[in-house]
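Contents: one structure, followed by commentary.
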């Protein structure tokens, strides 16, 4: 945990609360990064432990200009997996297949990429902003229980959230590109979700 805190201090673009000035600054960085890589619109990676509200946020933000890509659904549809874990009731996806397939899908920009993993799945050159959602453990437990997750699957996801695994993964995955902003946003309730969507729409200049 101390190592994670140290890493967060080292990256000035990892923020929790976003002021209007910071929003404007982040928006400029995001679009400049996209344009420098030949994209008129940026690609946004929205990640977090299962149950933190990634899909809800994408649905609130997506518009005619931005396409919502649910990576879990794409893995099923395109068979980007190698096996099935019966104990965890989940597909074991192929990093290579996901990385190759997603790279083709998002190369032109304008995508909201929704997935519960960061490491080794998307080249950093194709991402212009990372959003990591965090949720209170009690709230997360209730959400996962409502999804009928097994006790073991709930426990592992709660532990993942407590240890801020996805936030650390994001930092590790983008350590060579510290100019790409990483936003860590709380997603405990509907008000949080609406506020996060409004923030992101402003950053992305969506009316």
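Every residue, even glycine, has its Cβ placed from backbone N, Cα and C.
Annotation comment: TrEMBL describes 51, 53, 54, 55, 56, 147 as ATP binding site. Annotated region 'NMPbind' per TrEMBL: 70-93, in sequence order. The region 'LID' annotation in TrEMBL covers 146-156.
Taking DSSP states H, G and I as helix and E and B as strand, the region 'NMPbind' (70-93) has 8 helix, 10 strand, 6 coil.
Sitting within 8 Å of the Cβ centre of 51, 53, 54, 55, 56, 147, and not among those site residues for ATP, are the Cβ atoms of 48, 50, 52, 57, 143. Using a 10 Å radius centred on the Cβ of residue 54 (ATP binding site) and all shown protein chains, the other Cβ atoms total 27.
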